[in-house]
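Enquirer: Pasting a structure here, questions to come.
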Amino acid sequence: MALVVYLKTVTELRGKGDRIAKVTFRGLSFFSRVLENCEDEARFEQAFRWPIGSQVDGDEMLEIQVFNYSKVFTNRLIGTFRMVLQKVVEEGHLEVSDTLIDDNNSAIRTSISIEIKYQTMDGSMKVWSDGEFLDIPDDCDGTFQFETDSLLSGRSQSSVTSPGRSLHGIPTFRKLKHHKILMQYQLCSLADDAAILDAEDLDRKTMRLGGGLDPDTISLASVTAVTTNVSNKRSKPDIKMEPSSGRLVDYQISVTVIEARQLVGLNMDPVVCVEIGEEKKYTSMKESTNCPYYNEYFVFDFHVPPDVMFDKILKISVIHSKNLLRSGTLVGTFKLDVGTVYSQPEHQFHHKWAMLSDPDDITAGCKGYVKCDIAVVGKGDNIKTPHKANETDENDIEGNLLLPEGVPSERQWARFYVKIYRAEGLPKMNTSIMANVKKAFIGENRDLVDPYVLVQFAGQKGKTSVQKSSYEPIWNEQVIFTEMFPPLCRRLKVQIRDSDKVNDVAIGTHFIDLRKIANDGDKGFLPTMGPAWVNMYGSTRNYTLMDEHQDLNEGLGEGVSFRARLLISITVEILDTSSAEIMSSTEVQIEPVSNMSESATGKMEEFFLFGSFLEATMIDRKIGDKAISFEVTIGNYGNQIDGVSKSASAKKKKEGGGESEEEETELIHNSSDEEAEDDGDLTSVPSTPPMKPVITDRNYFHLPYFEKKPCIYIKSWWQDQRRRLYNSNIMDKIADKLEEGLNDVQEIIKTEKAYPERRLRGVLEELSTSCSRFVTLANKDQNLSGRTKLDKERLKSCMRELESMAQQAKTIRSQVKRNTVRDKLKLVFNFLHRLRFLADEPQHSIPDVFIWMISNNKRIAYARIPSKDILYSIVDEEMGKDCGKVKAVFLRLPGKKGFGPAGWTVQAKLEMYLWLGLNKQRKDFLSGLPSGFEENKATKGIGIQAVPPISLVYNMKQVFQLRAHMYQARSLFAADSSGLSDPFARVFFSTHSQVTEVLSETLCPTWDQLLVFDNVELYGEAGELRDDPPIIVIELYDQDTVGKAEFIGRTFAKPLTKMVDEHYGPPRFPPQLEYYQIYRGNCAAGDLLAAFELLQIGPAGRAALPPIDGPTDSDRGPILPVPLGIRPVLSRYRIEVLFWGLRDLKRINLAQVDRPRVDIECAGKGVQSALIQNYKKNPNFSTLVKWFEVDLPENELLHPPLNIRVVDCRAFGRYTLVGSHAVTSLRKFIYSPPDKTANNWNEDEKEKEKKKKKKKKGEEVDEEEPDESMLDWWSKYFASIETMMEVGGTLIRLIYSVYNKELESEFGNFEDWLHTFNLFRGKAGDDIDHNVVDDDRIVGRFKGSLCMYKLPLSEEITREAGFDPNMGMFQSIPHNDPINVLIRIYIIRATDLHPADINGKADPYIVIRLGKSEIRDKENYISKQLNPVFGKSFNIEATFPMESMLTVAVYDWDLVGTDDLIGETKIDLENRYYSKHRATCGIASNYSVHGYNVWRDPQKPTQILAKLCKEAKLDGPHYGPGGKVKVANRIFLGPTEIEDESGLKKQTEEHLALTVLRHWEEIPRVGCKLIPEHVETRPLLNPDKPGIEQGRIEMWVDMFPMDVPAPGPAIDISPRKPKRYELRVIIWNTDEVILEDDDYFTGEKSSDIFVRGWLKGQQEDKQDTDVHYHSLTGEGNFNWRFVFPFDYLMAEEKIVISKKESMFSWDETEYKIPARLTLQVWDADHFSADDFLGAIELDLNKFPRGAKTAKQCSLNMVLKEHELPTISIFKQKRVKGWWPFVARDENDEFELTGKVEAELHLLTAEEAEKNPVGLGRNEPEPLEKPNRPDTSLMWFMNPLKSIRYFIWHNYRWMILKALALLLLLLLVGLFLYSIPGYLVKKLLGA
């Protein structure tokens, strides 16, 4: 649907002036162009078009306002015309003339005439012919407007200004119809506010549009020019050829396990296991502790594709008591995928706490925390280690959980249900031989595949059952994962596999990104998906035993063929872990689910795919000259070689009359006429007829299609889910538009053109309108069948996001200013990423389209086209970007073959037209083709209208001449071993190709050559060809003497076309040179500067064309140069070269370089350096400055590169090339005269006062520091690191600058005047990431500089005093004679070294190399440390320039074998030495003459300042009274007194001078920051693992020239020796200890208590008290003393212990651990293990004060430790009190298990020696025996006593009763015993 308004004229205007009109409908306005100087009539003659998504109502309004246009002021309104559209809606076409009304709604005389058309969706309004509006071009389908750059401009993908901005000066070529010239796209520095342009600007713009580009409009990125679509018939070609995924990359994952806390369990021996993929590494075991401290570092190295890497699961688990014999019990695990870590800022988590959970019991809650650092480094990533934050923040576990930003800290358990319903279209996975045998024997025909589905998620796998022999398996099963939510694993992998007796193989793989099927916002939704079909792609479908592309089926790389589609759905349910009936294990479960109804995934619709091959060129000749055909497939439709295998189910369906896919495919397979269905339905024609290729040139064939273009068409049935694709398309188009705009803005900034902010505002305005537009469009057809929950939720969230994006864009637009452009640009790039993310639809519908080139029945090369790109819609924005357009498609080799050089050569280039839509929308499927053809149908007869053509015959043919002006290329790829190339270019256009000449040995060839292609025949209508000529492909090759030329790179261009009837002249002709970016695979590989014009040859023949200067007989004549109007305008420049010296030249062909020379060349002119007579002796040049003059283009962007080559002059006049360097951009070397005005710049005195006050304050703060004698260098160092963290360096008296990177990167590589150019030789590597320098190719370095300026130079420079004409612009440069220097290297420490030994540790030591001298500090290696503190300084004497590259390496000491290099860093000392930043010796923050802070430089501040002022010819320094100093009209203040060692104060000017030096960058003209006293952190690199950091080293270098007084002794930075202390702990009593034992006799609760203690980390030195037996109340009395001697580092608050790691260790290893005292209470058992009752751990630096009495001692002292006041034993020295013992109960809650009264006493070793004490209760100073109640005695020591105690005491009544009972029983017994005897006696009367 569209509303088109054609604005004709406005008449009866008053006065004379510039007029502009604004047309508004539904809130979207377009401006007309400006008509200049019109009097009473303004003829606008302009059309505006609104594509609309919903019907126009009769009561909607159209508004047109006419203004007087002003460049300076706002436009003044003349009048307004408003109209209700009721009549238009009814009639569809209306012409109106009416008067305007003014502001007061009264009519004025001025009248307007317009024409309106309204085209509805169903075409129910009358269809109007295209030519009805005067001279609107034929395809009025949205091309005709100059007015807008909005997405709404229909399909015109290219345009000029932002909505609502006019484009000026079009009247000059009204005739040109819809004039969309190539270049418009990047010339959009057009006004955002039309009002600020001046007249000359407008003319320039007019010219520009015409393409007569003046020099400053040339854009570098004109690859965009090509890829910008011009009219509507062609879409952009994609220039990057190589598939990006699937290439192997190096990764290194480093994990530091620091410590664990709050582990659940009693008295455990924990080990931490780190597992990535299959690899596991373990920490050491710590005994009986719940909070072990490890600080162990692990490194994992991988070499895999990025996708594989990021899907690997990193698992951290804690295992209790693992040893050699048993695997231990799992306490808890934490897992996340590597991708999550990589997507963190800096690719790392630093000092974060991972929360452990138990996978077997999800109801259990948190099982503890592990604190760790995790970093993932890819090649070329450099990781910045954050400086350690202060401990308190990190100990706040909850605030520092190891979770990505935005994930809630309380994660819950959730069930992930992946339902697998059924699959379709599987390929056969077995050979047919077996099947035939089976058929013969058993007589059944079976499908040759046994599929099952494997789902992998978060390190777990679940499989469905195997469906035997089925191409259409139905599973109806669900796989259930139980995992924390939100999961830290982003992708779920679903794979169909074929079950086989030998090995199962993947059929296809699909990854589901959970971020795309969920939304974590506050209005978000849980992951949900489907039920929806997902398409799987992989290798080709024909079955082979060894599939070379099997990787593709595993999901690595881009699939080259459709494999199957699978119906799945995903739901997530958050578990309530408190409910009873929940399954507590996380095992994967498989359950059946009910069947899914057919219609649930959407209504089946018939789709129609049409394609036409307009051209097939650039077919690789390797293929051979067999006939070639092209096959197009969508899903399995159209696949003739290896499509669907017929299945039994299909037959049944057929009988049942149900339409099935197979039925269709059968039709496809036997597509003969009589099989066509009765309803006149058509068969499909999926491939073109085979045709023999014809030779184009040495490398390529083409197919001779000429006027007959073959077509294909396919009918297919899919669920109608077009809405998903439509929404995707709208967002993609918004994103494309935005990207285009942003590239422009970057281009404008890069080329330093005017007004980037206007363009950015335009881009933002456009973004906000198109986002709002999305909201109206996407919100329809809500009630389609098959809409899933995800569809609804996604729509809601996309609409929300786009609405907010529109708002933000508006806001940002208003904030864009000249100075904020770059920041805002970054913000807008985030929008772009967001849009791209949203546009990717997770639920597929129609599979992608594959185009295969088939030769000799083999599939050779393919292209894959997403179906959404060619999907048709009535609404323009929803239409796929390539639908109904001609697209240049490049075919490439499948799978791994497509990597590297093989993949870069084009296999074939097709000009192809594709259209995909519902069969019922088929009527305009041909509308986008270039016009001028007749259809050629396959069958004759009835219903022929409906049948698509099998070929198109073009009866219109135009003949052209193409002129390719090949000027030059630069920064090409080095293809030869010399490090250069011999490049030539090959230009392809249609079926023609030509080559330029070969230029030898250069990376920056200037061909300056015109290639003429005569009689190029193009088919189609002239007008269309003019606006949309085919693209030109330019390939660059390197000519080799033997063998085939090697491919260097490729680029595309579009020619500027001139038809016969057009004039050859400005503004469009002659064309201007432009830069085209050259690509090699996916990498940019240089630029080509060229221009292309396509000239139509009319009836008059070639004679009528503009003449070519020079001979036209191109066969034999000389090479034609680029003609004058096109080549750039030149002017005279002088280039001065400073030759300093050569460094590090490597051997060439095994011979050393002895007499090198440097040749500089630019644009054919050049200069040679003096010859270095003996490189070994002195590698510097004797003549410093030389110059040459050269003609260069006026436009700086067109400057050719400057080549630096080093040659070695051998005997007999032979020269060998050593290496070369191309300076691609000379801009930074252009000389700009210094600004004289900036000299008298004075800072406000008040500010100075403020500063002074601040300084004073700063010094007062320092008063509180401990006394000076305590301080040493290390206190200063740690203080600096602290201030770094706390204030980010804002403290006034920053003691040190600690740079956490190399000093060079902070100070521009010290290239302030001396530049270093790397010399390259040898072939460039192919996997160059452009941020990694290819080290193997560097053969040396040239030091020097360049300076270029236009001649003549102004005189004042050369007239300055002291100007040395020999030195040109390089005045006041030191001489380069050899100089002796004392180098002093201070090495503090190394961190995170890569482990070098099997035990995961290293034994590092330092090696320093400079020239021939080497210092190996091997005997001082540090055992088993990855974070060694070296604390050493080394002195080396050196002579610059021979020895200037300092290497500091860290080696690993080995007992046997050679020592391995861990990593090294190289420092160029020479550049530092000569730098203006004065990098010889850092300027300290204050000047003192004694102490640890002593001034290191032999020159005092005053001397340094005087020297600097003299060199810079500055006035000063003048020291005045009152602590003032004046330098160059600036006044500085500072203190004037200094204390010497005896404490006397003396007057000095040093402080003043120091103040100036520290603010030297504020001095005008000459000022720059002087290097402060500093420590730099340098990465250590290992040549075997290029680009990956192996650790870092903290160090600094001082340099002192030997010709000045020697410096003082080096500062002592040796590591602090730990101080010896003794901690005495007296355990007095315990109370309320829980009672564990039941008495044998009495069942009474009691405990045999003893207390155990140790200082953390020294469990083997644990000490126990004696046992207090049988405590009945939990009270225990001990009076027992523990004595713990230990070594302690005050500054780091760590205990230092040295011990052998194992019995096999060669030497002791030093560990640093926190000072923590552990006390435990135990219950002693004789015959079984003692029972652990509770523990308390006291951090000796801060622990809660003990309670005064046992009553006041409570659990809170542990639980609320943060809130209580804490004390440090190192300050208090002695404390006594009660502390609680705690343990965890069954529910993991803390419970109080006892209290202990203890006394802690800390003494230094000396004090302890003076008053020794005994252990336990021994001498000396014995403690008295405890007063224990008698019960505590041992029963076997004193049995009677204990009997008396236990039994009598408690049970005396029981005993008495028992005795009485016993007597009674005895009596009764006796009675019974004796009664029979008595009775007998009585009876017998005896």
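Placement of Cβ uses the backbone N, Cα and C atoms for every residue, glycine included.
Pasting the feature list from TrEMBL:
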- 1-98: domain 'C2' (DOMAIN)
- 233-354: domain 'C2' (DOMAIN)
- 397-528: domain 'C2' (DOMAIN)
- 944-1069: domain 'C2' (DOMAIN)
- 1116-1242: domain 'C2' (DOMAIN)
- 1364-1482: domain 'C2' (DOMAIN)
- 1605-1754: domain 'C2' (DOMAIN)
- 645-691: region 'Disordered' (REGION)
- 1238-1263: region 'Disordered' (REGION)
- 1851-1873: transmembrane segment (TRANSMEM)
Enquirer: Counting Cβ pairs under 8 Å that sit 6 or more residues apart, are there three or more between the domain 'C2' (1364-1482) and the domain 'C2' (233-354)?
Expert: yes
Enquirer: Counting CB pairs under 8 Å, which listed stretch among 1-98, 233-354, 397-528 touches the domain 'C2' (944-1069) the most?
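Expert: Ranked by Cβ pairs under 8 Å, first place goes to 233-354.
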Enquirer: Would you mind splitting the domain 'C2' (1605-1754) into helix, strand and coil residue counts from DSSP?
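Expert: The domain 'C2' (1605-1754) comes out at 3 helix, 80 strand, 67 coil.
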Enquirer: Could you please provide the mean pLDDT value for the domain 'C2' (1364-1482)?
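Expert: Averaged over the domain 'C2' (1364-1482), the predicted model reaches a pLDDT of 88.
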Enquirer: Summarise the domain 'C2' (1-98) by DSSP state, stating how many residues are helix, strand and coil.
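Expert: The breakdown for the domain 'C2' (1-98) reads 6 helix, 60 strand, 32 coil.
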Enquirer: Mind checking how the domain 'C2' (944-1069) divides into helix, strand and coil residues in DSSP?
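Expert: Output for the domain 'C2' (944-1069) reads 9 helix, 63 strand, 54 coil.
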Enquirer: Treating G and I as helix alongside H, and B as strand alongside E, what does DSSP give for the domain 'C2' (1116-1242) in helix, strand and coil?
Expert: 13 helix, 55 strand, 59 coil
